[in-house]
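As recorded in Swiss-Prot:
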TOPO_DOM  1-92  topological domain 'Cytoplasmic'
REGION    1-96  region 'Involved in homomerization'
TOPO_DOM  128-139  topological domain 'Lumenal'
TOPO_DOM  166-170  topological domain 'Cytoplasmic'
TOPO_DOM  194-200  topological domain 'Lumenal'
TOPO_DOM  233-284  topological domain 'Cytoplasmic'
TOPO_DOM  320-326  topological domain 'Lumenal'
TOPO_DOM  365-410  topological domain 'Cytoplasmic'
REGION    365-410  region 'Intracellular loop 2 (IL2)'
ACT_SITE  426  active site
TOPO_DOM  432-439  topological domain 'Lumenal'
TOPO_DOM  493-498  topological domain 'Lumenal'
């Protein structure tokens with residue numbers, strides 16, 4: 001026993017104050033007594049002082065690791081992971097980079113604006129804007145032309161009124177509608193080409209108004225025709241039975257919709273597609289309307305200022321490279337014009353499709369406010385044209401694309417026909433006000449058909465979106481320079497050459 005006690009004491013000397021966790025009796029009891037005497041010296045005569053509880057295991061481990069200096073997990077500081085810019089990392093928060101892009105864009109444009117002011121001074125002249133609409137203050141051909149459009153609106157109404165009561169046959173009504181709609185296209189064009197006092201800008205506004213009226217009245221004619229066809233089918237099915245109208249007390253049915261009030265509401269409503277019962281908002285929100293009106297005024301002034309201060313000098317400086325056929329300078333002028341042209345186009349989009357159309361819709365309590373969709377996310381040319389101008393897109397689908405399919409055309413022919421109609425109106429709104437026919441706008445629109453195929457075939461995702469943006473940023477300045485160059489040569493350079 002003495003040997004075992006000596007061995008135990010020597011073991012205690014080697015391990016220091018480390019607590020033994022072995023159980024047992026005999027010599028082990030002596031070790032426990034020695035340990036308790038060392039740890040609890042205050043156990044005295046009374047023996048009633050509580051012994052301190054042993055430290056928890058995790059605390060002892062932590063103390064041991066601190067004293068050693070290196071823990072088990074501190075030996076490893078690397079793990080399997082990808083860099084943030086790698087597609088496999090799953091990281092998507094690039095808000096700081098987006099803010100950096102915005103800051104750089106602001107600084108770059110601020111430098112260009114300062115350079116423009118230093119080079120040209122202040123070119124903004126509100127009085128000059130009036131001269132773009134009127135040559136003679138006593139001759140207002142464009143406003144008079146727009147007022148005269150009421151003749152064709154009334155003619156359409158009278159034709160439909162007589163068709164509803166059977167005073168005209170469908171064939172005669174179709175003939176009268178075709179003549180009326182053709183006159184809507186040809187009459188303002190003839191006035192714009194023959195009347196010398198009308199300005200290009202005034203002619204543009206008049207032709208745009210007549211184009212909108214053409215689309216609206218063609219939709220008005222189609223919907224009323226469909227209502228007559230449905231009425232004939234309903235009579236054949238019901239065999240003269242009257243349908244209860246209790247469920248439709250607040251709706252208008254054909255031919256009760258044939259009133260001047262209904263037609264002129266449609267003429268002023270921000271849509272090209274006619275319905276007998278439009279969705280209506282419950283009230284006019286005055287604050288919303290005031291914001292839209294202020295936006296209209298602000299962005300109108302901003303567009304005029306940017307055109308006069310930024311675009312006009314750039315276009316004027318581009319004429320000499322075009323005359324000399326200096327291709328490097330032409331490309332430089334083209335890229336320089338691309339920035340202000342694209343910025344003005346974006347402002348125009350917001351001004352027209354958000355501010356103006358929402359203001360008109362709020363005044364008329366027109367409920368359908370989907371005037372545009374997320375065209376800026378377009379990954380194809382087709383998606384862009386389907387989403388940037390919803391009123392025109394709805395009209396094309398309803399009154400052009402689907403009727404062509406019903407007549408037996410395939411989808412490719414119908415889609416090409418839609419682009420052809422769009423190309424016609426683009427050329428119509430540009431060539432006639434400028435009084436020259438170069439077909440640049442028509443060619444640019446028809447080029448969208450092969451361009452859409454190329455983008456769909458070779459570009460996907462973000463690359464497709466980038467391709468759409470490139471066509472928007474570069475394509476429009478090319479058309480602008482083409483028309484401005486030809487207009488300049490036709491009106492200013494020809495006498496010098498002669």
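Glycine residues also receive a Cβ, built from the backbone N, Cα and C atoms like all the rest.
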Count of other CB atoms lying within 10 Å of the CB belonging to the residue listed as 'active site': 18
Helix, strand and coil counts within the topological domain 'Lumenal' (194-200) (DSSP): 2 helix, 1 strand, 4 coil
Contact set, same chain, for the topological domain 'Cytoplasmic' (166-170): CB under 8 Å, 6 or more residues outside the stretch: 159, 176, 225, 228
Composition by DSSP (helix, strand, coil) of residues within the topological domain 'Cytoplasmic' (166-170): 1 helix, 0 strand, 4 coil
Per DSSP, three-state class assigned to the residue listed as 'active site': helix
The topological domain 'Lumenal' (432-439), counted residue by residue under DSSP: helix, strand, coil: 3 helix, 0 strand, 5 coil
Residue distribution over DSSP helix, strand and coil in the topological domain 'Cytoplasmic' (365-410): 27 helix, 1 strand, 18 coil
Secondary structure composition of the topological domain 'Lumenal' (320-326) [DSSP: H/G/I, E/B, coil]: 5 helix, 0 strand, 2 coil
